[in-house]
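One structure below.
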Amino acid sequence: MNLAVFASGTGSNFDAILQAIKEGTLDANVSLLVCDKIEAPVVQKAQRHHIDTVVFNSKCYESKAAYEEVLLKDLQSRGIDYIILAGFMRLIGPTLLEAYEHRILNIHPSLLPAFPGKDAIGQALDKKVKVTGVTVHFVDNGMDTGPIIEQEAVRVEPDDTREAVQKKIQAVEHKLYPRVIQSLPVKEESQ
Ligand code: GRF
């Protein structure tokens, strides 16, 4: 299974995916990192692992369709089976959604449909929930609205700080995402 990871930030999920591949629990290959921020730490992580990286600046294109056309050509020329969003801070447009229907995944730090969008952990803490969690879902044209593939709950204790909740969520994400990716159907020719 040939993967492209799209990320904009730290890349701890990117790392977890690479680690699962190294440990043999995920039978896949990350051929490309796509990032929209040159200063994002995930770019250096990809370079350390000698993974090809495309960094683009959306402001240099006249539209989302324009940069997605360029990305799509690259993804297709590399035979990418799945696009894995891991903290990618842009909505995916029709160009990629149509070409990769049911082949774009996202991970979100809440039990969707609760707390979509930015700062899901902060939203959950503001509501004083006792349980939040992690969702992996297919991407559609909404914000964190696509069909849910898998979820796992995380308990919020009364004295948990934001950092404590974040740490518990991340620990779940780093196990859950590789496991869900491993369960995806693979085309015969890319096995
Ligand atoms: C994760 O919490 C993920 O759920 C959300 O963005 C964050 C990315 O973190 N979509 P990282 O860059 O993988 O550390």
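Every residue number used here counts from 1 along the chain in the order it is shown.
Just so you know, glycine gets a Cβ as well, placed from its N, Cα and C.
Whatever TrEMBL says is automated annotation, not expert-curated.
Just one of ASN29, ASN106 is listed by TrEMBL for the same (6R)-10-formyltetrahydrofolate site as LYS64, MET89, ARG90, LEU91, ILE92, and that one is ASN106. Take the Cα of ILE92 ((6R)-10-formyltetrahydrofolate binding site) and measure to each of the recorded positions ASN13, HIS108, ASP144: the nearest one is ASP144. Per Cα geometry, ASN13 is the residue among the binding-site residues SER12, ASN13, LYS64 nearest to HIS108 (active site, proton donor).
Checked against ligand 1, the binding-site residues SER12, LYS64, MET89, LEU91, ILE92 give SER12 as the ones with a Cβ under 6 Å from it, listed in sequence order. Cβ contacts within 10 Å of LEU91 ((6R)-10-formyltetrahydrofolate binding site), excluding its own Cβ and spanning all protein chains shown: 12.
Between the recorded positions LYS64, ARG90, HIS108, HIS108 has the most other Cβ atoms inside 10 Å of its own Cβ, all protein chains included. For the binding-site residues shown (MET89, ILE92), fewest C-beta neighbours within 10 angstroms: MET89.
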